[in-house]
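The structure appears right after this line, and notes come after that.
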Amino acid sequence: MSSGAADLRQRKKQNCTESDKMAPEERNKENSKLGRSPKYMLIQRFAKLFFGCLAAVTSGMMYAVYLSTYHERKFWFSSRQELEREITFQGDSAIYYSFYKELLKAPSFERGVYELTHNNKTVSLKTINAVQQMTLYPELIASVLYQASGSEEVIEPVYFYIGIVFGLQGIYVTALFVTSWVMSGTWLAGMLTVAWFIINRTDTTRIDYSIPSRENWALPYFACQVAALTGYLKKNLNCSAEKFCYLLVNASTYTFMMMWEYSHYLLFVQAVSLFLLDSFALAQREKVHEVYRIYLFSLIVGYLLQFENSALLVSPLLSLVVALMLSRSLQMNMKKSAFVSRLLKIMYIYLVLTVAVTLNFLLKMFIPHKENEHLLKFIEVKLGLNTTKNFTMNWLLCQESLQAPSQDFFLRLTQSSLLPFYILVLIICLFSVTQVIFRRICGEPLKETVKLEDGRIGERPEIVYHVIHTILLGCLAMCLEGMKYLWTPYVCMLAAFGVCSPELWMTLFKWLRLKAVHPILLALILSMAVPTIIGFSLWKEFFPRIMTELTELQEFYDPDTVELMTWIKRQAPVAAVFAGSPQLMGVIKLCTGWMVSSLPLYNDDDLLKRNENIYQIYSKRSAEDIYKILTSYKANFLVIEDSICNEVGPVRGCRVKDLLDVANGHVVCEEGDNYAYSKYGRFCHEIKMNYSPYVNYFTRVYWNRSYFVYRINTVISFQS
């Protein structure tokens with residue numbers, strides 16, 4: 001085994017030195033044919049690289065400024081008081097930002113981290129490791145940077161926090177620019193990628209709705225990883241560039257793993273893409289297996305830094321990587337006759353999949369894990385393999401992000417011309433890749449260097465990887481609308497690369513067998529003309545809309561929520577515990593600091609059960625039942641939201657009160673009709689009537705148009 005590894009390293013060194021020697025020789029031959037001096041070509045290459053990098057960085061910076069300006073216009077952020085600014089963080093975003101505030105208020109960073117890892121001031125009767133459970137490494141990094149940079153006297157914490165997120169989004173766009181540039185060879189593709197990304201912002205990012213969400217912190221690092229991986233997979237890459245790409249893949253993969261709880265699932269999709277690329281021998285096997293090792297070390301580092309997170313040990317990524325390495329080791333140690341070699345190629349995919357599934361099953365048997373069980377149950381129900389009356393499962397199924405994408409989504413992509421060009425590029429690349437795979441099966445080797453006149457874009461490993469990757473992400477996006485935020489950015493990148501790539505047009509012309517016009521000349525012309533025409537049409541149609549977004553003032557003001565938070569801070573006891581919908585509890589925790597009974601988090605079974613129990617305030621249960629539920633969590637105050645109690649949703653069966661009625665058996669279905677039955681009225685309606693027995697358990701202490709606050713009586717009075 002050691003000799004095999006030594007041979008592998010030796011081959012890598014030889015390949016690296018050979019490519020370093022071959023590249024200058026090929027360039028010198030080409031330059032001599034064109035009558036150009038090496039000095040002239042060096043200046044030309046430097047100018048191209050300089051202006052391309054300048055365009056990439058400028059695009060990222062302008063996008064970050066655009067997001068900041070749009071955010072200011074939407075929320076009037078600079079003219080708001082701190083409480084009004086914090087209300088703009090909703091749901092889980094409020095929880096993430098509240099922990100960032102706590103870190104800044106702590107006497108020292110070490111003390112702040114300790115309080116987060118042993119947190120008993122957020123959820124009543126529960127001590128949680130917030131860093132592990134909520135993946136708070138972004139907040140740890142942001143607080144360290146804020147304090148270490150001496151920004152306390154220069155900028156407010158909230159501006160520093162959202163500024164980092166907007167800056168990361170700029171890096172995201174820059175990484176997509178670079179990926180498209182590396183694939184096509186022209187930074188015109190990068191400019192078109194950025195244009196499509198911004199125009200389709202509704203479908204490429206969730207930054208408008210949830211600034212602190214984990215994917216807004218993590219996906220920029222994944223985009224950097226994809227850009228580096230694209231360069232790493234290229235053929236005939238010089239040694240220094242290959243090392244740089246390899247190191248960048250390492251660093252970005254580790255960081256991505258730490259920033260998002262579900263990062264290993266996205267890396268699993270990427271690993272499947274590389275596995276298929278390797279199975280058909282379309283890339284250098286040594287490079288692909290180096291990436292597998294990066295995955296393995298990332299999982300180990302993530303497991304250790306995430307407080308021995310067992311979800312990483314039972315992740316499909318680990319099982320697949322180990323299976324791939326075992327299968328590779330088996331291939332290397334077997335004596336390969338021609339027949340055995342061909343048989344191993346046929347059995348390779350089956351062997352890897354069998355080992356991966358078996359290993360994952362064994363790991364789940366012997367390693368205790370509960371973190372992602374609810375995801376498996378959700379997938380079963382989503383695919384129709386199971387049915388349930390469970391409130392939490394049905395509530396998740398009703399969320400828009402977990403529905404199939406709507407027709408409006410495809411209409412928006414078509415109106416921006418993105419979807420038609422993506423389909424065109426994908427079809428050409430798929431046909432070319434299919435041809436290459438057929439040649440490989442027939443025993444024909446891949447060319448060391450693919451020239452423009454060959455018209456074989458499917459022989460470039462980085463192109464094949466992106467085709468497979470976007471297809472896999474697209475399949476997920478067709479099932480869950482929330483997955484479009486992972487798929488659409490790479491649709492922008494692949495479509496822009498295709499229309500700007502002479503190789504893609506040349507591949508098409510090879511099939512069409514053009515004779516009237518020289519195909520190479522036509523390919524070069526179209527690779528410049530088509531993106532230019534697209535760019536001008538996008539500028540004419542969408543630039544005025546973007547400028548209108550930035551110039552018109554929008555108003556976001558929620559006076560009822562402001563009044564509620566002000567009342568809590570002034571009137572409620574410091575030790576009070578509030579109960580209500582998880583989304584509102586996140587805002588109460590952020591704006592007041594008071595303890596709550598539940599949180600809008602869905603990765604913990606106990607919190608999911610709490611949320612379901614406290615949502616019973618909108619069900620048809622008795623006052624005594626609700627009182628027992630709330631006191632079991634030591635709640636002192638109950639907040640009822642009129643918007644939930646009187647909800648009129650577009651889908652009747654997806655309202656909170658409808659889901660509760662189904663879960664509690666208060667709805668009977670007979671011959672396709674639903675009949676509601678309960679001997680109690682809906683609690684949130686009945687409590688407002690102020691009659692017994694509701695007034696015996698609860699006393700109204702505050703109300704406005706949207707919220708009703710009740711004190712939960714410690715001494716029950718049964719006076720009528």
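Glycine residues also receive a Cβ, built from the backbone N, Cα and C atoms like all the rest.
Predicted automatically and left uncurated, TrEMBL annotations should be read as such.
Residues annotated as region 'Disordered' in TrEMBL: 1-33.
Annotation source TrEMBL lists compositional bias 'Basic and acidic residues' at 18-33.
Look at TrEMBL and you will find 49-70 (among others) tagged as transmembrane segment.
Long-range contacts of the transmembrane segment (181-199) within the same chain: residues 48, 51-52, 55-56, 59, 63, 66, 173, 227, 230-231, 234, 416, 418, 462-463, 466, 489, 492-493, 495-497, 499-501, 527-528, 531-532, 534-535, 538, 542, 546, each at least 6 residues beyond the stretch ends and with a Cβ under 8 Å from a Cβ of the stretch. Positions annotated as transmembrane segment by TrEMBL: 181-199 (among others).
Annotated transmembrane segment per TrEMBL: 265-283 (among others), in sequence order.
A Cβ distance under 8 Å defines the sequence-distant neighbours of the transmembrane segment (295-326), meaning residues of its chain 6+ beyond its ends; these are 117, 129, 131-132, 135, 137, 253-254, 257-258, 261, 264-265, 267-268, 271-272, 275, 278, 289, 351-353, 355-357, 359-360, 363-364, 367-369, 371-372. Per TrEMBL, the feature transmembrane segment maps to 295-326 (among others).
The transmembrane segment feature in TrEMBL is assigned to 347-367 (among others). Long-range contacts of the transmembrane segment (347-367) within the same chain, counting only residues at least 6 positions beyond its ends with a Cβ under 8 Å from a Cβ of the stretch, are 275, 279, 310, 313-314, 316, 318-320, 322-324, 326-327, 330-331.
Positions annotated as transmembrane segment by TrEMBL: 419-442 (among others). When Cβ-Cβ distances below 8 Å are used as the criterion, the transmembrane segment (419-442) is approached by residues 280-282, 410, 413, 456-459, 463-464, 467, 470-471, 491, 494-495, 497-499, 504, 507-508, 511, 534 of the same chain, each at least six residues removed from its ends.
What TrEMBL records for 486-508 (among others) is transmembrane segment.
Positions annotated as transmembrane segment by TrEMBL: 520-539 (among others).
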